[in-house]
Amino acid sequence: MKTLIAAAALAISGLGTAALADGHENNPARPVMMVSYGAGGATDFQARIVTMTAGNEDALGMPIAIVNRPGAGGRVGWNWLATQADADGYTLGAYNVSHFVAQSIEGGVQYSVDSFEPIANWGADPAVFVVGADSEFDSMQEVVDWAKENPGGFTFSGAGLFVGHHIAALQLEKAADVQLAYIPNNAGGAGAMRAVIAGEVMGGLNNLSDAFRPQEAGNVKSLGVFDLERNSFPPDVPTMMEQGFDIDNASVNYRGIMVPKGTPQPIIDKLAEIVPTMFENGSVASRMEAGGSPMHVMTRHEVIEMWAARQETLTELLAGL
Amino acid sequence: MAVALLIPFTFQLEPASGLILLGAAYTSTVAGGAVSAILLKIPGAPANIATTLDGHTMARKGHGAKALQLSFVSSAIGGVFGVLLLIFLTPVLAQWALAFGPSHLFWLAILGVTIIGSLDGSSVVKGLLSGCIGLWLATIGFDDIMGAQRFIFHDSLAGGINVIPALIGLFAIPQVINMFAKGRKRLDAEVLEVERHPVGDAIREVLRRGRALTIRTATGSIIGLIPGVGGQIAGLVAYDQSRKMSPEREKFGTGHSEGVIAAESANNATVGPSLVPLLPLSIPGSPTAAVLLGGLLIHGIFPGTDLFDNHPDVAWTFINSMLIGQILMCVFGLYIAGLAARVAQVPNAVMAAVVLALAIFGSYSVQTSMGDVYIMAALGTGMYFLERFGLSAAPLVLGLILGPIAEANFVQGSMIANATVGIGPYFFTGALNLTMIAVVVASIAYSVWMELRYRRFTTKEDAIEKEEALT
């Protein structure tokens, strides 16, 4: 029996050490960046690419380790960053706007735009409206006309509720004054795209970067980009504005780095100065381009403005729900 | 998991080398999960749950080496068949994989639910009860589609119950407690004689059961094709079908070779087909396939026509690496089978501590979260008491896995149905829906018939005897 107790004690002391590593006593020797989505997802692999030169002398001089805290559409990770992470300047987080702003407006989470300090933005991925390759629709106007004749009958997929695609769907309904049937998919953007290609739904909203591949392969047609300007990736897809819909860039999925509120100002200033130059590194840009991930570097001040603007638009859009 | 961990390493490698690494890891993890399933009754992944049912019983009887050999040989055969399907039939099968919409996936999940009851063979009612607990556990957290919060009393539960910590807790912890409970016995009292088993015999045995092997491999491949469901339930469905069709059905669950062969050939046969929608259409068919997609993109390789037109060398290197990976995995597996089976000789006291440490480490490392460790410990302790009432872990985990599939597809399907044809026609018409419903009805009818037929023969004493023989 003594052996047993000793063995159990040994195992439980292992538990104790693990708990300690998770706690606050442990000051990390190098920066850690929390990604609130699983390893291998778009946010994760972009985060890994844009931070891969952090160890260079002209950047931070030390590599950034990526830690994934996935769950509940990012809510688990952002809750952790807002309430439990150390604001010591070593703990960074990746943000997805509109996701976390929309979730904080929806409620039930412990963060809002005021819980975090932005550092810099690395990417922007606008939403695009796609239909199957053999669809009868060739422009957004045709979609809207059909939907006006069949209120609530036009089914289209997107990556979930309170994400960029959902925002874009709300914008479209408002701007065109139609009722549509938005079907959130539980398998994210990939599942939403599958539903379009398989013909389960009549159309879909998806990330421009993810819609590009099936379009090249001849499986879908892209009808409109939900951004202020056309994108250089498929330059022939018109914006919604060009097609006469008053839709701005509120649904664009911005990705960047932030820190929890309370991080010392000198560290924020230093990171805000270095991180954008790190994103602009040539090897980062070429790898991002190869992966079809649109880059869009913004400084801390630009991001602060963007967050504030997003907070305002989304509060108004989501108020009707 | 292994694939996700390896992705960062492939950044620095040539695309071909990186993909060989990912392809080989992808093929091996499913088969590797059988080792702990057989020796420790802890399935390495949801795919290996069915393997515990007969595999671990074999190991307990001292046939651990044989069980491992059977599992690796049938894994390799199933796996090679799956990859061959991927090579030769991708264009045809890709269209078929797309045919499964929300209504069909919903019925598929319901088919899984009908298996729950008969899974551990002792009592349908108790099986269903464990299944219901699993289904309830699956609702915890923010729901996938509407974002509604359910049963979140603590932050750790916000993300829901992750299947891996649940799997570890439900299977490992009751055993650890049992081992400690038996601790008063002398340490060397229970050491089993491990029977050596020639590899040739295992291969012959697998081939002798050719009929089971072919049917299960085919079942696995077909289920592997269906996006989003794939590997997690293929092993269980195949095991269940094997038992229902076998003339020796009462031997299942008592250490029957065919149980191991069915489960492992089917779950490995899903590996190749799960990539069928990915390579031509760039739609990942499983979570691991999604991670692989990330790994391809990072090298600037887009699955789809681009992959085969512009990078045929990379595409074929990747596919061939999976084929060779299957065979090497089998050779390596057969080599370690002899050594690994000695695990059965480790005294309970040492074993309990080792399993407890591994359980904690394993749960923590999935999402580097202590919350998962607490969930694992809580579920495991609860399971220990449930086992006292004759409930078992396998149906519970199956409920946990099937719950979200059934729910999400029902919600999506009904949203589409409401906007178009209405719920009735959407879920109950069409050849595929009707076929699925027919299979579900047949499965329920069979369970009822078996329950009625066998209740007459099985008395309470028999059941107790059987349970005692196992523990």
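The backbone N, Cα and C atoms fix where each Cβ goes, glycine too.
What TrEMBL lists as domain 'DUF112' is B:1-398. The feature transmembrane segment is assigned by TrEMBL to B:20-40, B:67-90, B:96-117, B:124-142, B:157-177, B:218-239, B:281-302, B:314-337, B:343-364, B:385-406, B:426-449.
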- Query: Do the transmembrane segment (B:67-90) and the transmembrane segment (B:385-406) come close, with at least three CB pairs under 8 A (pairs 6 or more apart in sequence)?
  - Reply: no
Is the transmembrane segment (B:314-337) close to the transmembrane segment (B:218-239), in the sense of at least 3 CB pairs under 8 angstroms with a sequence gap of 6 or more?
-> no
Taking the transmembrane segment (B:385-406) as reference, the highest number of CB pairs under 8 angstroms among B:96-117, B:314-337, B:426-449 goes to B:96-117
Answer key: the stretch among B:124-142, B:314-337, B:426-449 with most Cβ pairs under 8 A to the transmembrane segment (B:96-117) is B:426-449
Averaging the pLDDT values of the domain 'DUF112' (B:1-398) gives 82
